[in-house]
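Asks: Quick one: this structure, given as structure tokens, is what I'll be asking you about.
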Amino acid sequence: MNKGWLELESDPGLFTLLVEDFGVKGVQVEEIYDLQSKCQGPVYGFIFLFKWIEERRSRRKVSTLVDDTSVIDDDIVNSMFFAHQLIPNSCATHALLSVLLNCSNVDLGPTLSRMKDFTKGFSPESKGYAIGNAPELAKAHNSHARPEPRHLPEKQNGLSAVRTMEAFHFVSYVPITGRLFELDGLKVYPIDHGPWGEDEEWTDKARRVIMERIGLATAGEPYHDIRFNLMAVVPDRRVKYEARLHVLKGNRQTVLEALQQLIRVTQPELIQTHKSQESQLPEESKPASSKSPFGLEAGRTPAASECTHTDGAEEVAGSCPQTTTHSPPSKSKLVVKPSGSSLNGVPPTPTPIVQRLPAFLDNHNYAKSPMQEEEDLAAGVGRSRVPVRPQQYSDDEEDYEDEEEDVQNTSSAIRYKRKGTGKPGSLSNSSDGQLSVLQPNTINVLTEKLQESQKDLSIPLSIKTSSGAGSPAVAVPTHSQPSPTPSNESTDTASEIGSAFNSPLRSPIRSANPTRPSSPVTSHISKVLFGEDDSLLRVDCIRYNRAVRDLGPVISTGLLHLAEDGVLSPLALTEGGKGSSPSTRSSQGSQGSSSLEEKEVVEVTDSRDKSGLNRSSEPLSGEKYSPKELLALLKCVEAEIANYEACLKEEVEKRKKFKIDDQRRTHNYDEFICTFISMLAQEGMLANLVEQNISVRRRQGVSIGRLHKQRKPDRRKRSRPYKAKRQ
């Protein structure tokens, strides 16, 4: 039992995999690099690594302090999980168990649950024996350790297990019953550091205690902190991101249904007018968009996309008449996947569009310089081109695989099932399962609805009434800005705008990266309604949007509720609660950290009140929003979806790297060495190598040995009187 535990490295990936091997769910370990910064999110406990020799030297200076803070009461000590470390090299497992078994919001699994129930009320020494005699813990512990080298018998006498144990040591800092405790298995009693302040978290006090300990051990030298390491036991971020994505995707569906319900309630006569055309137009649009899962009709596409062909800083010149629904399908410009569809038509002559190469050549963009792209953009050529995503084509085979995955994810993301049964006036097309917002009559109704509500919008628009058709076409020329959301090839809903509120997931490094355009759902709707480069792409306009201002801060923490009259409100308000209710949090499927996650929701609501986002004149309640406000909210939701999907992928990739590093760490290279030596022997090279190494060792060993052996006999000979007579 005393020689079966191996020494573990201080690595967050190793501790994360060790926690999983214990059977614990929803927990991971992260490394803390800065003690000055406040910890973000809930923390279960800290694991502190230090050099035991330095700690023993500094402990003599503060012996009275340790005695004063030690908890001697047996009832208090036995009520918590504090175990003496009786097995050498088991301090890593002791530190993890001291954090996990003293936390009530963690799914411990069967192994640790039995351990906690069995050792309840035991003394620290008995708990230490229970840990040392648990084969499941020892097996999981040793599975992540480096294989120990096989020492020669004469060299093993100089090494002791106690000396190896004292090299580096792990201790835990855990909050228990409102007080900060330091649990060190090599000390007789736990250390009570007292309660933390009312206006601070327990992590703030723990950071101060650790900084004082580091300064005491290093005698105030700030550049010796490399001998210490700090890790935090936190909830699994994958569970959090998956829960947020579940809520965000549900809210995206709710916002899309709100757009549909807005048409059904406010414009029922237009639904009857276009009811006969709804069954005919999808058949006409098949040649233009053969493989596109959300192809728009050719008649309405040029009406909005050709309206905006300016540089983004000038007003729209000329008229943009709204074409009828019987336009030939050869004018279709909105095709999501150019490789799967062919543009066999010629651009209409009245529009000032410069002729380009064919689509299959022009979109490939073999060797076009950035200067040529800017010139084309200034000339208005880029506005008429087929909208494709950046880096659509590449010479790398992995990019093609990512493209196919993105198309599959996009087609699956825009298909959803309606909550209620289809009404007679419903616009949803049940045959193909597409979003009814993208149907032709819905687009016409949203366009007319927007034209009626333009005077109430605070966003400056450039409106030009055409003399031919008599209906105004809206176009807002702005520069397309890159998204502050992280760029990721796996996100099928990456939006062109950022979040409406400060998301904790964004970093300056991610914000500097360019991203792909918005998702097909919002991009097609915004192109038809507001032009290809509408003002919704601007982050400042999104920030002052009414729907985003009201629902943005809670869009990722609580589900939205759509009433029958079109009122959109947070689900917690309909239940009569404040902010997001615990039932909403539990529906996200987060395990082990429900109370901590609820605390985050309260913090989001409080920060919203402090920042002045809540208007004092109007209470936070359900309201009706215009189509443009709903589209802005939809872009906000999709930006958050892209953000969380990127972060989720990062966590998944991080786990893969943890496993790869663990395999490299624990791999036994003895078989490879034996095979290599046998191959050298077969080639006749082993004998020469052995002779060379033996000769070198003899020279070094003999010279050093003679020096030590000659000194002692010389001293003894000089002390004898008969030797002096001979001289």
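Backbone N, Cα and C define each Cβ position, glycine as well.
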Asks: Here are some residues: Ser292, Ser471, Ser503, Ser569. Which is flagged as phosphoserine in Swiss-Prot?
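Replies: Cross-referencing Ser292, Ser471, Ser503, Ser569 with Swiss-Prot, phosphoserine lands on Ser292.
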Asks: Quick check on the record annotations: which of Ser330, Ser394, Ser430, Ser593 is tagged phosphoserine by Swiss-Prot?
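Replies: Swiss-Prot annotates phosphoserine at Ser394; the rest carry no such entry.
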Asks: Looking at the ranges 100-144, 640-684, which is given as region 'Interaction with YY1' in Swiss-Prot?
Replies: 640-684
Asks: List the same-chain residues at least 6 positions away in sequence whose Cβ sits under 8 Å from the Cβ of Gln85 (site 'Transition state stabilizer'), in sequence order, or say none.
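Replies: Counting only residues 6 or more apart in sequence, the Cβ neighbours of Gln85 (site 'Transition state stabilizer') under 8 Å are Cys91, His94, Gly128, Gly185, Leu186.
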Asks: For the region 'Interaction with YY1' (640-684), DSSP counts of helix, strand and coil?
Replies: 40 helix, 0 strand, 5 coil
Asks: If you average pLDDT over the motif 'Nuclear localization signal' (715-720), what do you get?
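Replies: A mean pLDDT of 55 is what the model gives the motif 'Nuclear localization signal' (715-720).
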